[in-house]
Amino acid sequence: MTQTLQVKSRINDYPIIFTDDIFQPLNQFLAEKGDVKLLFITDQTVFDLYQPLFRRFQQDYDSYLHIAAPGGQSKSLEEVSRIYDRLIRANFSKKDVIVTVGGGVIGDLGGFVAATFYRGISYIQIPTTLLSQVDSSIGGKVGVHFKGLTNMIGSIYPPNQIIVSAKFLDTLSEREFACGISEMIKIGFIHDRKLFQQLLVFPKDRNQEQLRQMIFQAICHKKRVVEKDEFEGNLRMSLNFGHTLGHAIEALCHHELYRHGEAIAIGMVFEAKLAVQQQLLSQQDLEALQAAFEAYQLPTTLEAKSMTAEALMTVLKTDKKNSGQHIVLILPTTKGYISFPIAKHDNHLLDWLRSLLDIA
């Protein structure tokens, strides 16, 4: 069974196709493109698991393959340069297509290449992790890390098509599954407390049909937000809850100790604690948020004992959401969220970071 959501964009509208058949939905878009070349960008793990998918398109299209370096290290200008070389050697033109098959790292990397090669070529996202299905593949954010700073170089460049299949989730580790749940908890806590409550009880039975419904709900919320605020003027900032601190934690751990969903979980708990201190959020809500993460064995405290408040502060000062001399945090409230600016030289922020590290 196939279901389609159409996402409106000021750049180009695009469909999100939900299907159990990962081989067919691409054909309509590619048929309209005519005789095109395809460059598949993936990683070794996904390639080994889904070789039939790649072979299927090799039969019908002039297709090429780029296997990126493992983990977050592939979100780099060096990897981008290697892909440019691959495209040039294969004589790709502006009408040809990039297809990303993988998690958020692969989607961000391939999308950035598509956005910048010939000033923009078509690309298709096939997200294979829960996190990339409900979050990173939707909305057109693409980019790479630079000198240890998360997503420092990037753009907003929507895909031409997204293929979402729950079948990919069958091969996810528990840890990767939990990382995707982390982003769903964020969406539920800020935008849909009913979804949040469903996520609280879901680990007890793991009903697959319920999981599909929750994925669809989370995607619908992300779709609604990016349609209303594609370029992150206000509403889309709500999706950055946990990400200011989370990205700083990722950077200081060199994207190795914590995966994205784990760092964001810690960031959400830390930022929710500040919201409680500011009387924006109840202690009961904070405890419910912590309980949700703990239900999926997601971390809520820092294990990196060598991390200091001063080091966190240094990275926070480079965050792309900052405004002038203010570090901007997205804090949850009882009924939603607020943008909370703190002066970069405010000693209270440093004291708060120290207190969080002591609690951890």
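In case you wondered, yes, glycine gets a Cβ from its N, Cα and C as well.
Per Swiss-Prot, the Zn(2+) site holds HIS243, HIS260; the candidate it also names there, chosen from GLU183, GLU303, GLU310, is GLU183. Here Swiss-Prot has GLY104, VAL105, ILE106, GLY107, ASP108, THR128, THR129, PHE168, LEU169, ASP170, THR171 binding NAD(+), and the candidate from LYS94, LYS95, LYS141 in that same listed site is LYS141. Within 10 Å of GLY104 (NAD(+) binding site), counting C-alpha to C-alpha distances, fall the following of the binding-site residues GLU183, HIS243, HIS260: HIS260. Recorded residues ASP170 (NAD(+) binding site) and GLU183 (Zn(2+) binding site) have their alpha carbons 19 Å apart, per Cα-Cα distance. Comparing CA positions across the binding-site residues ILE106, ASP108, THR129, PHE168, the one lying closest to HIS243 (Zn(2+) binding site) turns out to be ASP108. Those residues of the chain, other than GLU183, HIS243, HIS260, with a C-beta within 8 angstroms of the mean position of the Zn(2+) site C-beta atoms are LEU131, ASP135, SER136, SER182, LYS186, GLY242, GLY246, GLY261, ALA263, ILE264. When the alpha carbons of ILE106 (NAD(+) binding site) and GLU183 (Zn(2+) binding site) are compared, the span between them is 17 angstrom. Reduced to three states, the DSSP call for THR129 (NAD(+) binding site) is coil. Distance noted between the C-alpha atoms of GLU183 (Zn(2+) binding site) and PHE168 (NAD(+) binding site) is 18 Å.
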